[in-house]
Amino acid sequence: MSMETPFGLRQYPVTKFCMVTTAAIPIVASIANCKYIFLTRYEPFISEYQQYYRLALFELGATNESDVLLLMLIWYQFRHLERIMGSYKYISVISLIYLYTSVILTTLYIGLNVLLSQTIWNSLPQGSLPVVMAMLHFYKEFTPKIYDFKIVVKNPLSSSKDKRANFECHLDDQFFVLSLIFALLLNQGYVGISCGFLCWLIGVFIDKGIFVGFHNWRLPFIKHWLSDENNLTRETGIASSSGPNINTYINNVREGSNNLQEMEGHDYDEENQDDEPARPLGVQFLDAFRR
Amino acid sequence: MEIDGNTLIFIIIILFLFFSSPGGDGVSSQYEYNQLQTLKSIYQNEFDTFKNLTSTTNFRNITGLKLSYEDVQGNPDLNATYPLKGKVYDHWFTNQTFQLLPDEVMNMINTDIWNLPYNSKNLFPPNITSTVMGSIKLHSNNKYEKINMPVPRFYEPPKDFSDNTPPWGETYVTEWPSYGELHNVTFDSGELNIQISHIDKVTRQINSNKKYKFNKEDENWKLLSLKIDFFDKAENEKHSINSLAIYDIRRGRILSMTQSAKFHSIFALPHYLNFENNDENNNDTELIFNESKQLLIDYWNASNYIDTLTMGNLEGAYDNAYFKCEFMTFLQLEPWNQYTKEQLKLVNEELNWPLGRPANLSVVPPVKITKGLLYSPDCGVLLNMENVKGPRYELKLRTIRTHLLAGVVLIATEIYLLLRQMQHTNTPSSVNKISFYCFSMMNLVDGSLATLYFIASSVIPELYLPLVISAFASFILASIFETRYLISIYASQINEQYVGVLTLLRGSTAENDEERPVVIPDEASISSSLYGRFFFMLIIFTFLILSSTSWPRQIRMIFEYSAIFILNSYWIPQIFRNAVKGIPSRRRRRRDSNTVMTRRQNKTPLLWKFIIGTTIIRALPVIYVFTYSSNVFRHHKDVRFAVLLSLWLLFQITMLYTQDILGSRWFLPRHAIPEGYSYFKAISSQHLMEHGQTSEVNTVDCSICMSEIPVYVEELPETHKVDQHSYMVTPCNHIFHTSCLENWMSYKLQCPVCRAPLPPL
């Protein structure tokens, strides 16, 4: 596996899909003036109007513009996960998490409100926050730290020998993702923080096997579409989901092995790349002008 | 720029002009100040009188209300003075002794218009923001006496600059000015639009945006602003009224009266809300009077009515007094009894702030005025309304939004089709066969659509997003893709610019002696000139469309029909172009298509997918507007025109199809079609000599691939084995390999040696 991340999103079809839908769904909804369908409030939508479709939709679109932006950035940062798992497994895991989080969240949501016979938990988070929070566990688990750094801020009033007066801050390369997540949680208030924590736990349970399906669940029908993409991505160094290296890699990371060279795919050869890369959509449009 | 004394003075004068314009109340002279103060003091006095009014006392010294109908009936020239001798001011009864209305009209209102009994069973919508439309019928325009309403003279503009005090007294106008609206209604039946909007919040200062609520009885009373327009079918006589109105939600009644310099109707509203005289309802009468009076007082105080008066108001009131009749409007709403009060509230909230509440908005009934009456006391005109209704404003916006989104889908499809078409014709030879005017017509339509969408987006803020998306989509289509395609069409046809159609028909350039420019402008200069032309046409056409909306109906219809017809004839130029370029029939193309090259050269210029798709996309909106009677644009229904237009389009497509099947010149007589230029021909030995070759070799050098070409020389039988199709002779007598020159010609239609224009293959 190469340390260099491939440039652009061409080799991350699932990441691209997630980012595009994160932005496109709210835009289309606001053009059609139906953004409110992503709003979930127990009082009055569920309890009074019985609009259960909202429970199926709340994870699909974020209505707040800053949420949309943060989610897009987080999906972009999570592209390393797609690289590690391979596109097919990545989308399968995302769909698994989507199912688990929406089922568990809505069950708890309705259950708590019905059992306590008063609305203590009124709203659900918006957008893919639950999925992102569960994916965060996998991100922390599987993505190696590449570097870390220390920020030392000197206290101007104390003498230089007094080391305790200095403010030190240890950060690693993942701190950007974490601060984005932090902002996302804060942005949605108490609901964001509590549901975010819950969904992170769901991620942990899925990984530990308490919630089954991480190794076996695969989405039907779309394998062909994604493996076509994989043929392209394999050449540039992304592990394919069909190959055995994902499990080896995951095990290696767990055992703390840094031997990345071991796993470098034998079928990966940078020299043999196709001379003419596939043309992106933009170029294809512009080709209409060429002659 | 050098700043000298003159420039500085110029700048100072400009700045002075900018900043010295009267702000606030618009007063710019002592005279105007006095005018405004007079108006304010009159209003203040009248308001004090109004505050003391009860349901049983008459108006006293209020402008326009000094006379009643009976005062005038015997004595039409009676002057409106206060106090009038013998007039009773301490009582108020609903008869013509006290009212501006004749007894007959009052009875009509009582029995025909406001005849719904007040009970809690009838439920009326609290919010009726909408534009309702219907028809209006003249009841009478000469039966009733005209009540004198003098115009105070202090409204008059100053006579000279030294004039500081406005004149006193009042003018009794007998000769109304011949411009402005007619002081009568002369048509028997016409059309009516009423734009109803609510006044829920008011500003307290002249130039402030902060608005305050004032209505304490919001459940039962609403203050409305009505904009009533009525006109005859031919739109020769138009009347337009802006007025304040009171809406009694419990009874579904709307009363509005126009206000001007001669009629201060705001103080008269409470007295005219009820015409029932019997004693049982006396309580009711008093209640209606007091509540509506309180509403007006609240409005008066909250809006600082006197302090927010401006010179604009004063001049507007003066103009209205002179140019228009005063009108009193009595409307009865249809109750929405299918709803309960809670459901009504839910529907209202959902319309105001959509959250997906279970209010089925698709069955919300229209705002309907069952009966209505317009009476003008000073012109003595009585009009009846019929079948006046319209959807709630928010529902209207919803339908418009869906229509806009459907339009965006159409435009996106058109972009896709155009891209396919551009890929289909990606060489100058194939682009050359496409008509420039065909695409410029489409371009004009799409461009003006983009501009109109863009203008609309700033006019209707509620639809900003869908309108901007539509504007963006059509702008992309028009100014990026279509203009780009036009540029390449233009560039490929620039050779023919100075050539007559007959020569073009012949396809030859060899024989003519016309002067032609050798230097062909490059695409940059073409594109700049085309873009300039495009935007110029766009602006002209958009202004034409916008101004056409205010033309009289007759002229507007002629313009609209002819513009639609002409702009939907976009395939006609292409049919001519095909005939000029002479595309062989399909069978011949099949026969000739043994080589790849000739197949590519002989293909039809336009994709059938593009032709059919474009026709459907462009015809759909027009057909929708002309055949669907309740369309969003309020366009009249004219199925005959829609059918005619479809037939005309079908005819054009059929012509294109026959040209495809039978060859593009089938309708031309045979002798009119001369031979085209042929690149494949034998050459003479003299020609060969000119190429510097000795007669032994019989070859020429191809200046593209620098290798030899064996040629067919007429005089030398030994060269007659050479295939004439293996080389090409240009009109400028240069010789190349067929494949070499064809390759080159897909880039440029210029001779590679001498830059002379080449006729396309």
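Glycine is no exception: its Cβ is also placed from the backbone N, Cα and C atoms.
Features reported for this protein in TrEMBL:
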| type | residues | note |
| --- | --- | --- |
| DOMAIN | B:702-755 | domain 'RING-type' |
| SIGNAL | B:1-26 | signal peptide |
| TRANSMEM | B:404-422 | transmembrane segment |
| TRANSMEM | B:434-457 | transmembrane segment |
| TRANSMEM | B:463-481 | transmembrane segment |
| TRANSMEM | B:534-552 | transmembrane segment |
| TRANSMEM | B:558-580 | transmembrane segment |
| TRANSMEM | B:606-627 | transmembrane segment |
| TRANSMEM | B:639-658 | transmembrane segment |
- Going by DSSP, how much of the domain 'RING-type' (B:702-755) is helix, how much is strand and how much is coil, in residues? 16 helix, 11 strand, 27 coil
- Note on the structure: Within the same chain, the residues 6 or more beyond the ends of the transmembrane segment (B:434-457) and with Cβ under 8 Å of it are 411, 414, 425, 463-464, 467-468, 470-472, 474-475, 477-479, 482-483, 485-486, 489-490, 493, 534, 537-539, 541-542, 545-546, 567, 569-574, 576-577, 605-606, 614, 618
- Output the single range from B:534-552, B:558-580, B:606-627, B:639-658 maximising the number of Cβ pairs under 8 Å to the transmembrane segment (B:404-422). B:606-627
- Same chain, outside the transmembrane segment (B:606-627) by at least 6, Cβ under 8 Å from its Cβ: which residues? 407, 410, 413-414, 417-418, 420-421, 424, 434, 442, 445, 564, 568, 570-571, 574, 633, 635, 637-639, 641-642, 645-646, 649, 652-653, 656, 660
- Outside the transmembrane segment (B:558-580), at least 6 residues beyond either end, the same-chain residues with a Cβ under 8 Å of its Cβ set are 433-439, 441-442, 444-445, 501, 504-505, 548, 551, 605-606, 611, 615, 618-619, 622, 641, 645, 648-649, 652-653, 655-656, 659, 664-665, 667-668
